[in-house]
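Lifted from Swiss-Prot, the feature list:
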REGION    114-139  region 'Disordered'
BINDING   G169, D170, R171, Q172, T173, G174, K175, T176  ATP binding site
SITE      S362  site 'Required for activity'
Amino acid sequence: MSIKPEEISSLIKQQIENFQSDVQVQDVGTVIRVGDGIALAHGLESVMAGELLEFSNGVMGMAQNLEENNVGIIILGPYSEIREGDEVKRTGRIMEVPVGEELLGRVVNPLGQPIDGRGPIETSKTRPIESPAPGVMDRKSVHEPLQTGIKSIDSMIPVGRGQRELIIGDRQTGKTSIAIDTIINQKDQDMICIYVAIGQKESTVAGVVETLRQHGALDYTIVVSASASEPAPLLFLAPYAGVSMGEEFMYNGKHVLVVYDDLTKQAAAYRELSLLLRRPPGREAYPGDVFYLHSRLLERAAKLSDAKGGGSITALPFIETQAGDVSAYIPTNVISITDGQIFLQSDLFYSGVRPAVNAGLSVSRVGGSAQIKAMKKVSGTLRLDLAAYRELEAFAQFGSDLDKATQAKLNRGQRTVEVLKQGLHEPLPVEKQVAIIYALINGFLDDIPVGDVRRFESELFTFLDHNKKELLDHIRTTGNLPDDSEFKAAITEFKQGFVTTK
């Protein structure tokens with residue numbers, strides 16, 4: 001059998017044409033140092049900043065320091081199995097988290113993986129955790145109220161949708177309680193809530209989840225938890241993961257509330273990572289870009305223009321102070337980024353004024369334009385009255401013979417403080433807040449003993465609910481006060497039947 005040369009050449013041509021290469025080219029590096037949640041790798045010449053990298057045991061990392069001879073990687077998971085000399089390869093992707101309505105009612109870690117034992121989350125949508133904030137022309141000024149259900153906040157330090165309002169105070173002053181009450185109060189308000197727990201005890205997070213479940217608030221809430229036992233990289237990423245989940249809803253025209261509890265622990269985790277990556281330390285050993293750490297996060301909260309769908313993200317970041325020192329580095333940074341702050345004072349908390357809001361140091365820079373007219377009308381002088389009372393209270397301790405005007409101011413002040421007290425997880429609808437503050441400023445409480453004020457309040461609400469529901473409905477639907485004489489007549493009618501304790 002003779003083999004013809006032209007047949008051989010055509011066979012070879014055919015083989016070459018049909019040849020399929022299964023070789024995949026991958027950029028691979030080698031781990032040269034690992035420890036404390038940080039790895040240093042050689043190679044990876046063309047890696048991107050923030051790119052996801054995969055170690056040989058399947059654990060993911062994120063490229064942070066891009067240096068001439070090596071790459072600093074933060075490890076997003078357990079690092080005890082990673083050894084010097086291990087391979088680390090590029091994925092070509094940047095850090096993303098799953099997003100969508102499937103996450104509602106779930107507890108996830110900062111990578112979007114469920115940690116509540118209720119099975120996988122069926123969503124195919126993802127968003128990068130770092131994304132640019134909406135530009136100037138994409139925004140609209142804050143004009144819709146976000147009712148927290150807390151009298152002292154909704155009356156004196158109002159929050160609007162799209163605002164960033166800092167909640168600042170020492171540990172154990174009721175910061176988390178304010179956030180939980182605000183989330184509970186969003187029921188039936190078409191609002192999606194995201195609670196980001198950073199460096200909290202797992203028992204605390206479990207308690208928060210259970211409280212939300214009991215009040216039916218978990219159905220519209222996503223809990224993102226990076227507990228104290230997690231590595232620093234996850235604590236650093238948790239807030240960005242939370243806001244990315246919120247952006248998916250915002251850009252679809254929905255309203256979102258994101259609570260960051262708390263950013264002090266995120267800053268500490270970022271300081272830890274930066275020092276391990278050998279970045280130069282600055283004031284209080286924080287790296288030079290710690291301001292940018294928080295500003296790029298909080299700038300993503302916005303009220304979008306109508307052309308962009310009119311959605312919003314409202315941010316409630318928490319900062320924990322040491323002995324009430326608001327002039328430390330991180331507190332001053334975040335105060336300068338946000339649109340106001342609610343300052344909680346431990347002295348007030350321990351003296352039984354809860355929520356322990358210090359009205360003098362608290363401010364809302366843009367919330368006033370979002371307040372309903374009825375609340376604006378009744379609460380106009382509340383802050384000044386309270387400040388005057390605090391001043392007189394200190395003065396009155398030194399002398400007993402006070403003139404009638406001073407005594408009247410002290411009496412009104414005591415009742416104001418009493419009215420602004422509120423039980424835990426008892427948020428009030430805005431129409432009831434308006435009713436009790438209206439009664440207060442019009443002198444209906446001046447002759448009620450201080451000890452009876454809380455009872456007067458609850459019985460007034462019951463009376464209005466059963467006998468004068470149209471007054472409350474009018475405030476809720478129109479945002480305006482009802483007819484003055486009608487409102488006063490209703491409160492007078494109730495007061496005549498109110499029995500004070502002897």
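Every residue, even glycine, has its Cβ placed from backbone N, Cα and C.
The structure, with features from Swiss-Prot marked on it.
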{"residue": "G169", "record": "ATP binding site", "DSSP class": "strand"}
{"residue": "G174", "record": "ATP binding site", "DSSP class": "coil"}
{"residue": "S362", "record": "site 'Required for activity'", "DSSP class": "coil"}
Binding-site residues (G169, G174), the one with most neighbouring Cβ atoms at 10 Å: G169
Sparsest-packed of the listed binding-site residues (R171, K175) - C-beta count within 10 angstroms: R171
Local Cβ density at Q172 (ATP binding site) - other Cβ atoms counted within 10 Å: 12
DSSP residue counts for the region 'Disordered' (114-139), split into helix, strand and coil: 3 helix, 5 strand, 18 coil
By Cα-Cα distance, the member of binding-site residues G169, D170, Q172, G174, K175 nearest S362 (site 'Required for activity'): G169
Shell list (ATP; ref centroid = CB of G169, D170, R171, Q172, T173, G174, K175, T176; cutoff 8 A): E320, L344, S346, F349, A356
Fewest other C-beta atoms within 10 angstroms, as judged across D170, T173, T176, S362, which are the recorded positions: D170
